[in-house]
Amino acid sequence: MVLPRKLPGMPGWPAALGLRLPQKFLFLLFLSGLLTLCFGALFLLPDSSRFKRLFLPRRATSSSSSSSSSTRDTELPRSPPAAAEPRHASPAAPRRLREKLRSRSAAPAAHTAPASRPQGPDGERPAEVGTGAPRESRAPFHFDYERFRQSLRHPVRGGRPDQDPDTRARKMKIKEMMKFAWDNYKQYALGKNELRPLTKNGHIGNMFETETNEPSSRCSVCNAGGLRGATVVDALDTLYIMELEEEFQEAKKWVEKSFDLNVNGEASLFEVNIRYVGGLLAAYYLTGEEVFKSKALELGEKLLPAFNTPTGIPRGVINLGRQDTGMSWSWGWASAGSSILAEFGTLHLEFLHLTELSGNPVFAEKVLNIRKVLKRVEKPQGLYPNFLSPVTGNWVQHHVSIGGLGDSFYEYLIKSWLMSDKKDSEAKKMYDDALEAIEKHLVKKSAGGLTYIAEWRGGILDHKMGHLACFSGGMIALGAEHAGEERKQHYMDLAAEITNTCHESYARSDTKLGPEAFRFDAGTEAMATRLSERYYILRPEVVESYVYMWRLTHDVKYRQWGWEVVKALEKHCRVEAGFSGIRDVYTTVPTHDNMQQSFFLAETLKYLYLLFCEDDVLSLDDWVFNTEAHPLPVNHSNFKAKASVQ
Ligand code: DMJ
């Protein structure tokens, strides 16, 4: 064997040591033996994750350990093949955000910094610096909560003592309704997902089954993946905002002591994100209580395997107990294994905050990739159909709706822009373009002069509007403020007209509550025509639009309309042990459905309360509401700059 005189890149180094020939020979023999040993060790190490941690770039492993109390191996998957950069070579993510993520990639993952890490004498974590160090030895990411709070432009709960007595009395009435809803849940169903107020017990399985207004597509298997306490987590921020201190403490205690994330079962990625992750994030930002942050981050990590698809578009259902690949699947009812626009398009706000709080870029990367896929795919007439294949990244069916299956995707575009402190211009452009296409193809006026948004099935219009679509009045008003001068008034008018139509759907019913869907055909205007669409399940969307319209116009009619809802809820939905949905809004002796939905506490009552609050309570300057009405803070640049690695 002829030994090389030089090793590549190391010119003449044995000679430089001044060694004689036999010494050189022995030295090189020793060196080659050492190299062989090291190389072999790579394959013999028993724990492959250890190998990955040491040798793969940080980004690929950043989520491989968890703050979870789980004893399971919580190693998370690599970025989905989808994201394989060459395929989507042109980077579509907003530049600033990409830069931020790049710098975050070099930062340690906050939530992986173990709380139990040895402390220094003064309680400080030992300083660990040096960019080449393995993750265990790096300093933890630190989100500076106090500085974030100082960056807010308004007090969180705000409220002036000199509010006029009538408005104050109405606000107090809604607070009483919240207390009633909570007390009954606590008494009969604490820890269950929802209260059954007639039978006075709790509901665990098959929750969220009425999430879509497509009867054929109601999921019969979807649930919270074994998670419990949906009402607790959904109610936290409402209790806090309403200053129901004792009740908030009860809810917090349950989260601390009983909220178990080590569960196994089929979960809706969308529902877990908007209700649990959103609820926990909001509770953390409002109170600074670490328990909410750590639970949100732990849960967020459990959602990541859903993104392991060829495109990175997540599937709708995930098994929270499995962190290996392939443990997610599409809804059985979703066309050809497709993913749903309103589901994969409603992760952006929460996932950016998971990255903000953890320093782990993986969450933001996942949702920016979704945007990249959506930007690339051709949009029929500029519209976004509701079903997309997570395998090919192409539309599966040309059904477009701003109600069920599509709704919150549009909402999250404009809110992403607002949450970025108006810097994410890509989201704004996508929103503007989508709204233009919606207006051109779906917005119609009835013979009686009511403006509505129809649904679109491969070019054919279905003149129906779901209750879910009634959030759009508020959304359009929110965006109108930031449209160019010439479009601003136009969009405010459109928002007011749609909100008026949704109000009509309430006003034309006997209970003064709106049906699940209403139609504009065969002489019907703003009323349900099918028996199966007459129900009301305590939904918030109409009241949600009243709040935005009130805050942006201060037209008192929105408060009056909100008060009509309060009276109707009291009359038709309040039962002995809570609030219940009703099966037919067109009869004054309605049958109750025996379900107090968790979103009634998260959204309906919160929005009603905010309608009678001063504008600085959860000010729109400081907060955006996720689609479950959980407030997430706007990233004012000063707060962004101060979230730092310490
Ligand atoms: C809520 O869970 C959310 O608002 C979601 O976006 C749609 N539906 C319900 C309430 O109706």
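Note: Cβ is positioned from N, Cα and C throughout, glycine not excepted.
TrEMBL lists a disulfide bond between Cys502 and one candidate from Cys470, Cys573; that candidate is Cys470. Listed in sequence order, Ile498, Thr499, Cys502, Ser505, Gly514, Glu541, Val542, Glu544, Ser545 are the same-chain residues six or more apart from Cys470 (disulfide bond) with CB atoms under 8 A from its CB. Following the DSSP three-state reduction, the secondary structure of Cys470 (disulfide bond) is helix. Following the DSSP three-state reduction, the secondary structure of Glu516 (active site, proton donor) is coil. Each residue contributes its Cα atom, and for Glu271 (active site, proton donor) and Asp407 (active site) these two points are 14 Å apart.
Listed in sequence order, the residues of the same chain lying 6 or more apart from Asp407 (active site) and placing their CB within less than 8 Å of its CB are Ala342, Ser401, Leu468, Ala469, Phe471, Ser472, Thr627.
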